[in-house]
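Under the heading domain 'CAAX prenyl protease 2/Lysostaphin resistance protein A-like', TrEMBL lists 251-336. As annotated by TrEMBL, transmembrane segment applies to 116-141, 153-174, 199-224, 236-260, 280-297, 327-347.
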């Protein structure tokens, strides 16, 4: 009789083991755990086999029964994953952390908004200049009679009004899409030396890289052109009379080129235009397109290569840190560095106009 009981219990035990493992494996696919009652702790197949046992079965069988109960819900056995999504998400987040520069922005607006906003920014820039030009004679101000310091102050006021008008357009549009993603129009001074997103660290890297790339570009262009062409009438040439004329003029120039212009241009070309482009093209392509538009907007075709290289460096730094403070800092260092260098050379008696022509 004992032999017959053992013969029946072994197949039951084997079936129970495979049933338990299979159920625990496929339980990974379920969304929520299902409660089990004490009546279902042992499969029915085992219960059918146990009916042939006498109430006084041996301690060995009791030990086997307790082991099978433990096998019923193994804590860590899982042969199948639930579609692989958690692993994929982890790998995607890991790749994004390693290649943040390739990540796109989550742009909330469509192409119609991007196009109309770009047009509105351009019109704001032009209309602001026209209104100021008409208002100056109306106020009884004669530009030709002003001193250099007064001209510098008017230029500073003009740049301030233009910056405020264009930024007002951008933020008026952005307010209709609140709450914005955290990396859109982000100005953050925290963690300046963070290895991945430190704005000051990457501003330094971008600035040095921009200087080296622009120097190489300039040398290559000089070799191709042979003679240096006559410098075009750009903003820097128009500011030459103010450079080094007085402390007030220098301060106004630094405020224009080192503060207001970088904030305006980086918010428009990187913060809005480049970010908007990533909705339809990869981030590296958006960087190149925004750099080209940035260079064309300066209306100096002869300096397009250098401005394009600078715009590319600005776009790369912004894509890496997702912080507009980074390209603003690079832009400010570049502009203010040029003004300070020219001021120093002017005070040393050099003809900066001739220097600019030769470079």
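Counting starts with 1 at the first residue shown.
Cβ coordinates are placed from backbone N, Cα and C, and glycine is handled just like the others.
Tallying C-beta pairs under 8 angstroms between the transmembrane segment (236-260) and each of 153-174, 280-297, 327-347 places 327-347 first. Each residue of the domain 'CAAX prenyl protease 2/Lysostaphin resistance protein A-like' (251-336) gets a DSSP state, and the totals for helix, strand and coil are 75 helix, 0 strand, 11 coil.
Away from its own ends, the transmembrane segment (327-347) comes close to residues 199-200, 203, 206-207, 210, 236, 239-240, 243-244, 250, 253-254, 257-259, 261-263, 265-266, 270, 310, 313-315, 317-318, 355-356 of its chain (Cβ-Cβ under 8 Å, at least six residues beyond either end).
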